Ligand code: UDX
Ligand code: ADP
């Protein structure tokens, strides 16, 4: 029986291994992690991450051929194929601070593999890493090899949160990079055989190691670039009276461009986009490609601009001050259908409003109060360390309260800010909300989910990203 071990039971490792286990009953899959709480949660009925469809998949194979364990050494030493899916934070100190990936966790996983292995291994890079990480890992392993042969593969994961299970079941492609040597090709084939249990052969692409590593960074950079492009257009739409949804629709009809990833928003978030682009920028700079680095940097700058612009809209519309005013924050996750808050635009928007002394009442159907408090008190980039290494704020932010539902968050509020596109925000009883708010009552829709006309009829002053401005907002400066 082929044995797979995955180091790192996070958003990537957990769902990916569950789907492999479900589709490959003849393979034993063990997911290991240094975090005892994470593993206990995977072993309970309350999984540590919220992902539609995940519970059902895990239920079907947990205890059959899918296991979660903290005994890293045993399972790594027994495995034929080891996936590594650990955190890769952005460095906050030293060389490359603020851009380069911190490979501390990767390196410690690689050294552990070298320490405990007694048989040949295929080691698969799953977490997104800078180009040439595989080579560095290969060096660590071969210099500590005790005669054991290691083949390193890069198999970047393209799943998006909220749709992870369907992405894993029907991936656009599976990418496997490896050495173009006989042993390298054999390792590629072994991993191909795993995916071939359910993925059509023509969707499994094989490349050299660096192409696979770079493709992941490039795909995320291209996706993020589309969002920054449409968000840049949204500012121009507001200034000129065009409607960004109409512009996106017209642009997306061009079959060379396509309709996806053209929704204007308060900004993109998530664990990958910013981190991967910063990585790309750093790699370009290290290779003397300043113009290329600056080109990609601009994608992040526009994203920051969009978040600042949103905060400025809120403050300037409300008589240039939100001091002491209650603002209901609807949604905190970085997108709908996930409880993940990593790099969510809500953090910067809330911090901006708090900077202007607002009182916030935050509601998100999937994010815990603890997580929100932690996010609002954490330093930039600290989120991507294992949870037990994240500094906890002892007090939390005083001007922030957490609400149980949208109605509680909006009660007596001067304004609502919609920061995540949860479906339930489309069908709230906005009449009831309006009646319970201070007047004038504002809605700032950062995700274009509300029916603007209907809300204006109720009496709200509405701002929607990239849409023709409410007369109230005209002539009010809102550039960042
Ligand atoms: C992304 C990539 O899509 C995935 O392939 C990769 O493996 C990991 O990074 P993820 O971050 O989970 O996935 O979510 P994604 O759906 O890409 O959304 C990222 C951010 O962009 C979210 O904040 C989302 O709200 C925002 N977004 C997305 C927009 O603002 N507009 C859009 O049109 C699409
Ligand atoms: P991703 O979104 O890439 O899956 P996560 O932060 O959700 O990232 O998951 C990474 C996991 O890796 C965490 O649960 C963390 O505890 C675990 N981890 C980090 N370093 C190690 C290590 N050396 N050995 C085992 N697990 C590790």
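Each residue, glycine too, has its Cβ placed from N, Cα and C.
As annotated by TrEMBL, active site, nucleophile applies to 272. Feature annotation from TrEMBL assigns NAD(+) binding site to 8-13, 33, 38, 86-90, 127-128, 161, 272-275, 342. Summarising the annotation, TrEMBL assigns domain 'UDP-glucose/GDP-mannose dehydrogenase C-terminal' to 328-452.
Sequence features annotated in TrEMBL and their locations in the structure.
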{"residue": "8", "record": "NAD(+) binding site", "Cβ contacts under 8 Å, 6 or more apart": "31, 33, 83, 84, 85, 86, 87, 109, 126, 127"}
{"residue": "11", "record": "NAD(+) binding site", "Cβ contacts under 8 Å, 6 or more apart": "49, 51, 161, 164, 271, 340"}
{"residue": "90", "record": "NAD(+) binding site", "Cβ contacts under 8 Å, 6 or more apart": "98, 99, 100, 101, 102, 275, 278, 279, 381, 384"}
{"residue": "272", "record": "active site, nucleophile", "Cβ contacts under 8 Å, 6 or more apart": "128, 220"}
{"residue": "274", "record": "NAD(+) binding site", "Cβ contacts under 8 Å, 6 or more apart": "224, 268, 300, 303, 343"}
For the domain 'UDP-glucose/GDP-mannose dehydrogenase C-terminal' (328-452), mean pLDDT (0 to 100): 93
Among 90, 161, 274, the binding-site residues whose C-beta sits under 6 Å from ligand 2: none
Filtered recorded positions, from 8, 11, 33, 161, 272, 274, whose Cβ is under 6 Å from an atom of ligand 1: 161, 272
Three-state composition of the domain 'UDP-glucose/GDP-mannose dehydrogenase C-terminal' (328-452), taking helix and strand from DSSP: 42 helix, 19 strand, 64 coil
Residue 274 (NAD(+) binding site): secondary structure state under DSSP, collapsed to three categories: helix
Local backbone state of residue 90 (NAD(+) binding site), from DSSP in three classes: strand
For residue 161 (NAD(+) binding site), the number of other Cβ atoms found within 10 Å of its own Cβ: 25
Neighbour tally for residue 33 (NAD(+) binding site), based on other Cβ positions within 10 Å of its Cβ: 24
Mapped DSSP class for residue 8 (NAD(+) binding site), helix or strand or coil: coil
